[in-house]
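Here's the structure, in structure tokens; my notes come after.
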Number of protein chains: 2
Amino acid sequence: MSIQLTILGYNSATPKVDSHPTAQLLNVNERFILIDCGEGTQVQLRRARAKFSKINHIFISHLHGDHVFGLIGFISTMQLMGKITPLNIFGPEGIKDFILNQLKHTQSKCSYEIIFHELSHKDSRLIFEDNKLEVYNIPLDHRIYCNGYLVKEKPRLKNLNIEAIQAYPEIETCDYFNLKKGKDFVLSSGEIIPNDVLTFPQEEPLSYAFCSDTRYKEDLVDIIKGVDLLYHETTFDKSLGDLAYKTGHSTAEQAATIAKKANVGKLIMGHFSNRYTDLTILLDEARKVFPKTYLPKNLEIVEVKRN
Amino acid sequence: MSIQLTILGYNSATPKVDSHPTAQLLNVNERFILIDCGEGTQVQLRRARAKFSKINHIFISHLHGDHVFGLIGFISTMQLMGKITPLNIFGPEGIKDFILNQLKHTQSKCSYEIIFHELSHKDSRLIFEDNKLEVYNIPLDHRIYCNGYLVKEKPRLKNLNIEAIQAYPEIETCDYFNLKKGKDFVLSSGEIIPNDVLTFPQEEPLSYAFCSDTRYKEDLVDIIKGVDLLYHETTFDKSLGDLAYKTGHSTAEQAATIAKKANVGKLIMGHFSNRYTDLTILLDEARKVFPKTYLPKNLEIVEVKRN
């Protein structure tokens, strides 16, 4: 069980020679999802040696350029590479027209289907699930409609305690799947054998929360409580709290406060204002509140796993 | 008098780690124009240490992604940098909606005016001039509507031959501007003094032609005849002539043939298919026809000047 987060870009505003706008590749047990896609993300994916063909789900937080201008290039490249499997794009209402209008003018005929999932609701909901993971949107408070994303491993099937099972000859092989899924067993006598007796305890699924551009938002805490890994933007230091509020961003202290209150495993910072040439002021500020805070590194793979 | 061409990107299809799609910055006597703008062009401009604020004219050949996907990012960055002067964008019909729709969805309010000059005509015309240069479109033959661009220095004012002028006391200082512009002088007696007698011979203006994606097109020769510098795409080698025709591209030999027939000063190749890891096959093929052919280099500045 592991989650691997590759940091493809972590700066705000504009791409520069050694600085890339927001984009992350998340690998949850070999299910790959791309989160945000600033200009140049496809080149960063190449630097990270990512397999483009494995990316079939993209989640865009909001339609500001530093989070989405690389999407059309990625879509086009997938087409040139002969992609066949459908690509699912989750993002704010408008993202479909944003992309389709560009494809229209470039007279592109996609070799694969693009399925748009436009979001406009203001609460947190399950927006995607398959056999490996679940994704929930996290409503954020930015200048325009913006969502973070909470990604949770799907609980795996439980391991059977064969020794315990053998004490009940009535349990047959065809019952095992229900036991693995966590169901109790009912004997013909009516006696209930609790699942815990027949299986080994299961570890908690791993989880990751991506909180893109947002003002300090206390109710994030309930949504992301206990996640193993949290990315929360830290655009400014606390001396610029008013500017952060005005521009729809957070200070390092505010991000760390959310991390602390939600009791997360680890906080990754990002989306730094270009005014900071040295980010330690932001790191120090956050660590005073939440010590397990870390600066992102270009193309770093942050791993969370359980054995 | 000089023309400096900075090669920002010269490959086809998709941006890669060490390969950038088409973009060039042309400096004609300190008038800067950007020609094509594939994804990542703004980062290449930074690498080239270009002054963004001096770029007020952009010419896009056609609306394929590898020539235009970087435009929205460049526009947005200019806005973040507080640009005030208008930005003129020349390109195929549709480019206005292509950009404005993206600005709409990203809820961008530009700090400066964007003036779109949409082209749909099929002949070569003067499409822009100021006191330093003239730009003509060059109709090309690609899969979609596509123009190259011919950029010519505006002829400078002639230098006066003061010694010769002093032989005619009737010529006053207020007449000098007309002489510099090349006009003959008419004495009160009716005698005409030819301009050549009163001024020094003037050098030919410098010129550059950019021939983006196109099939072999013989009638380019008349339009670009005698240019000092020619960029002409060379996507394939001649063994792939059928593929070149089918995809709307040229072979190295075809580009060199155009260069030879037009008697240009120098040919720069580009827009290479990704199949070539070694470009010497293309260079050798072209040089057999036109020896003054050169491969582009990343961020190279190609200079043409007269003293």
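Each Cβ is built from the backbone N, Cα and C atoms, and glycine gets one as well.
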Of the candidates A:HIS121, A:HIS271, the one that TrEMBL places in the Zn(2+) 2 site of A:ASP66, A:HIS67, A:ASP213: A:HIS271
Binding-site residues in contact range of chain B, given that the Cβ distance is under 8 Å, out of A:HIS62, A:HIS64, A:HIS67, A:ASP213, A:HIS271: A:HIS64
Fewest other C-beta atoms within 10 angstroms, as judged across A:HIS62, A:HIS67, A:HIS142, which are the binding-site residues: A:HIS142
DSSP state at A:HIS271 (Zn(2+) 2 binding site), helix/strand/coil: coil
A:HIS271 (Zn(2+) 2 binding site) and A:HIS62 (Zn(2+) 1 binding site), distance between Cα atoms, whole Å: 14
A:HIS142 (Zn(2+) 1 binding site) versus A:HIS67 (Zn(2+) 2 binding site) - Cα distance in angstrom: 13
Binding-site residues clustered about A:HIS271 (Zn(2+) 2 binding site) [Cα within 10 Å; pool: A:HIS64, A:HIS142, A:ASP213]: A:ASP213
8 Å Cβ shell about A:HIS62, A:HIS64, A:HIS142, A:ASP213 centroid, Zn(2+) 1 site members excluded: A:SER61, A:LEU63, A:HIS67, A:LEU140, A:ARG143, A:ILE144, A:CYS146, A:SER212, A:THR214, A:GLY248
